[in-house]
Amino acid sequence: MGVLENIVPGELYDANYDPDLLKIRKETKIKLHEYNTLSPADENKKSQVIRELLGSCTDNFIIEPPFYCDYGSNIYIGDNFYANHNLVILDGAKVVIGDNVFIAPNVGIYTAGHPIDVERRLQGLEYAMPVTIGDNVWIGGGVSIIPGVNIGKNSVIAAGSVVIRDIPENVVAAGNPCKVIRKITEKDSTTTNYRK
């Protein structure tokens, strides 16, 4: 997959018409179709198909179908990873996800972006920036993470957030655009009532 290695983070490349990239994406779609339509009872086959797709993973992870990505080979997931249904990862650049990360349904992790000016956008040009998610992060349902974002370890991203900037470690962040709401404190480890 040398053509993917030639993509320089933040620099424009031909994502829409490059025949090598189109071929890789088609092969990825075929594997994803197989993965997303396998019986839940066929755990061994599901594991084999997803492992062929990802850049790296451990033995201990779950990605609930349906799952979608552009290439798969730019996705690196840590140990004890769980992703609920409808995870979308546009992985023109690396997506590195740490250990013990939980992702709720309908989350989008996007490394791909397009030029603002219409001329270059219509030429099929785009750029890609890596996304990194630290250990022990929980990402709520419906979150969107844009190109180039880093989320620090132990943080929580509230449902529906749009993460456009880096989020530090050990915080709760929410909103559109996503902002730090508060630090995670010792009190959080003793809370038993989560009603509002």
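Positions of Cβ are set from backbone N, Cα and C atoms, glycine also.
Among the features that Swiss-Prot reports, site 'Transition state stabilizer' is placed at Asn84. According to DSSP, Asn84 (site 'Transition state stabilizer') sits in a coil region rather than a helix or strand.
Per Swiss-Prot, the feature acetyl-CoA binding site maps to Asn84, Gly141, Ala159, Ile164, Arg165, Lys179, Arg182; the stated evidence is similarity to another entry. Non-local contacts of Arg165 (acetyl-CoA binding site) by the CB criterion (under 8 A, 6+ apart in sequence, same chain) comprise Val149, Pro177, Cys178. Classification of Arg165 (acetyl-CoA binding site) by DSSP places it in coil, neither helical nor stranded.
Taken from Swiss-Prot, the feature active site, proton donor/acceptor covers His114, and the record attributes it to similarity to another entry. Remark: His114 (active site, proton donor/acceptor) has Arg121, Leu125, Glu126, Tyr127 as non-local neighbours, by Cβ distance under 8 Å and separation of at least 6 in sequence.
Within 10 Å of its Cβ, the residue among the binding-site residues Lys179, Arg182 with the fewest other Cβ atoms is Arg182.
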